[in-house]
Amino acid sequence: MRNACTRARLTRTARAMVKTLFIAIASVTFFFTSDLALPQSAAAYPFWAQQTYPETPREPTGRIVCANCHLAAKPTEVEVPQSVLPDTVFKAVVKIPYDTSVQQVGADGSKVGLNVGAVLMLPEGFKIAPEDRIPEELKEEIGDVYFQPYGEDKDNIVIVGPLPGEQYQEIVFPVLSPNPANDKNIHFGKYSVHVGGNRGRGQVYPTGEKSNNNLYSAAATGTISKIAKQEGEDGSVKYLVDIKTESGEVVSDTIPAGPELIVSEGQAVKAGDALTNNPNVGGFGQLDAEIVLQDANRVGWLIAFVALVMLAQVMLVLKKKQVEKVQAAEMNF
């Protein structure tokens, strides 16, 4: 009898252990495969800046890190109100102008349209307004833009893109101002706003490698002995440019599809000479602006002061006219 009970207990224990083990395996499997089936937002564009510079996209020098990969300088504009009241929704407009008739080199070497993107660094406490706080008119201006915070605790740093440049040369950000009455760390005063705008692909990857949207130059001095075209199994195309030096050594430069070769076999080149054109038509630009978080009470007192000054001026004018009338009456008398 005891043996039967013992065997029953062991059987139940074994079943429980197997069930627990099965659940653990299923949980681990789901954990590792969920990132593949449902990619996290951090892996979406622009993950380069977020992964390489997780704390802030702005260097101590003031330079926004996007400029490390997008080497060409292009203009960027921003429009923000001069001052805003607490707990109000306003719009910040980032303008990224460029010639829409030009096309850039795609990753496969083909010609494609330019994409645009922007980063808006707001003061602490400012953030993208919730959906229910955005007026309908402003929603129409925003369109289908998705605003991505730079990090979990960085709601004041917002990233947008890539977006089709032909439709979004102006990106409208709906911003909610903080209320110092609810947050003691927020104070009234003047704050800085930092903006970066980009159009087109970068010339350098964060790893330091060149993209195919860049100029390629000779690695050695000599004569170009051979230019060969190679096609990969995936259909990718690249060119091998062999340079024979005076010592007889052959140095090979690999050029991906995209840049156009401007050299030919038998041509003498020096180290650093361009082998291709520069296909880049895009670029990055940044600028700073200022915004004042205004106290409504101060505005009220300012209006009252202005009204008092105007009233005093009116009284002075009336008094002056009264004196003139008295003087005129005395002269007539």
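Cβ from N, Cα, C; glycine included.
Pulled from Swiss-Prot, these are the features on record:
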- TYR45, CYS66, CYS69, HIS70: heme binding site (BINDING)
- 1-44: signal peptide (SIGNAL)
- 299-318: transmembrane segment (TRANSMEM)
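Features per Swiss-Prot, on structure.
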residue : record            : Cβ within 10 Å
CYS66   : heme binding site : 24
CYS69   : heme binding site : 20
HIS70   : heme binding site : 24
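Within its own chain, the transmembrane segment (299-318) is flanked in space by residues 85, which lie at least six positions past its ends and keep a Cβ under 8 Å from the stretch.
In the three-state DSSP scheme, CYS69 (heme binding site) is classed as coil.
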